[in-house]
Amino acid sequence: MATARVSLILLVVVLAASACAEGLRLPRDAKFPAAQAERLIRSLNLLPKEAGPTGAGDVPSVAPGELLERRVTLPGLPQGVGDLGHHAGYYRLPNTHDARMFYFLFESRGKKEDPVVIWLTGGPGCSSELAVFYENGPFTISNNMSLAWNKFGWDTISNIIFVDQPTGTGFSYSSDDRDTRHDETGVSNDLYSFLQVFFKKHPEFAKNDFFITGESYAGHYIPAFASRVHQGNKANEGIHINLKGFAIGNGLTDPAIQYKAYTDYALDMNLIKKSDYDRINKFIPPCEFAIKLCGTNGKASCMAAYMVCNSIFSSIMKLVGTKNYYDVRKECEGKLCYDFSNLEKFFGDKAVKEAIGVGDLEFVSCSTTVYQAMLTDWMRNLEVGIPALLEDGINVLIYAGEYDLICNWLGNSRWVHSMEWSGQKDFVSSHESPFVVDGAEAGVLKSHGPLSFLKVHNAGHMVPMDQPKASLEMLRRFTQGKLKEEWLAELPEQPMYAAM
């Protein structure tokens, strides 16, 4: 306890010195995280209008540990959808007071034997329905609220599950605040528990290959979740889950490395000047120090690290103004940088709510309550659990759109190259090759053994939205174990870019 107090005092001294050097006035009110939630929830996803879902109303009751699922036909669907297996459901989380996890299941448009893929949107606290209708789900929403087929939906080659998590996200809810999650242990245990009951209800999928995917803050969720699944398999807990790999898109995984890359990326993209670069870099040493304390001293240190390190990003944003930090080629339009308003309109429709079984629950794209609850988790390093998975043959794909600032490809590339595992030396020395889709280079791929890194061209933070065809092809090759093989005969090797 004494060591923790001394460390925090040292952190305050370092931060104060850095702030004085920069002329920065730090917020003094005790409600700083709440204020930050409104300003910075956008830094990994969207600004919500409400704290979280409200008004459970006539949501069907379900016993703890049980799953209640219904076959779904959404209003506005195109013709022919009745032949497919679309489901929505609630899982009543055991060992909680009242927590219910909402999910969609879209069976493959191909065959039942296709892999099972689970998708996790980041935030923390942002609904996976954002991905369902704007990224890689079966449909897109038009302005008149009708749905159109997404021909590049990931359900064309997989049985895909979209989950609202942690509790309080999207349509997942609890009437008891004690069910709010604050760390990856709680999040991953909930997801593992859900999978056990899901595969019990759907034994036809239990032996299929299983992959975990997601983006943004899922760079935290996914390594912990994959480790929990692998641990359960090794301990023969319940149903064996046939985990083959996981893919993280533009994720936040190793904050110490990724925050340090902000200024380098911003300078490389001509977003800031060299003088700005030198000035903002003065925040890096206190950020690194704060993250070290977070790894040893717990919640108070982690909150301090969040405040210190985000001064790097906020300083850059003061200079870039209205640039869309999810895609620096674009301007930020309105509060959200993207217009996802049709999603909340769609889920505000009574017929839609009745179809998916959520009663009168009010849908919120992103929850400030969940965001604030996870602030002490933000600066933790989730890379540390990945090497053990690689050593056991779990395939890992880290991909990143090249125009994203907030979880940029450079920071992701650096932590992947820095990761210590038995294949690190060979991975670092391996050559990069073009990722070719329909005869054109869609990205640059580097692979060795079970580890791959893909830099995706002409894409920002949300690769499936910006490059739907390339992202679908990426998933197909990854799940079929062909990510490395298929480009070998297409184009010759090209020079590597430097990994720093």
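The count begins at 1 with the first shown residue.
Heads up, the Cβ atoms here are built off N, Cα and C, so glycines get one too.
The feature active site is assigned by Swiss-Prot to Ser216, Asp404, His461. The substrate binding site annotation in Swiss-Prot covers Cys407. Per Swiss-Prot, disulfide bond is recorded for Cys126-Cys366, Cys294-Cys309, Cys332-Cys337, and the stated evidence type is similarity to another entry. According to Swiss-Prot, the feature N-linked glycosylation site maps to Asn144. Annotation source Swiss-Prot lists signal peptide at 1-21.
Distribution of Swiss-Prot features across the structure.
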{"residue": "Cys126", "record": "disulfide bond", "Cβ within 10 Å": "29"}
{"residue": "Asn144", "record": "N-linked glycosylation site", "Cβ within 10 Å": "7"}
{"residue": "Ser216", "record": "active site", "Cβ within 10 Å": "27"}
{"residue": "Cys294", "record": "disulfide bond", "Cβ within 10 Å": "29"}
{"residue": "Cys309", "record": "disulfide bond", "Cβ within 10 Å": "26"}
{"residue": "Cys337", "record": "disulfide bond", "Cβ within 10 Å": "22"}
{"residue": "Cys366", "record": "disulfide bond", "Cβ within 10 Å": "29"}
{"residue": "Asp404", "record": "active site", "Cβ within 10 Å": "28"}
{"residue": "Cys407", "record": "substrate binding site", "Cβ within 10 Å": "28"}
{"residue": "His461", "record": "active site", "Cβ within 10 Å": "27"}
Top Cα neighbour of Cys407 (substrate binding site) in the set of recorded positions Cys126, Cys294, Cys309, Cys366, His461: His461
Asp404 (active site) to Ser216 (active site) - Cα separation in whole Å: 11
Among Asn144, Ser216, Cys332, Cys337, which are recorded as recorded positions, the nearest neighbour of Cys309 (disulfide bond) by Cα: Ser216
Cys366 (disulfide bond) to Cys337 (disulfide bond) - Cα separation in whole Å: 14
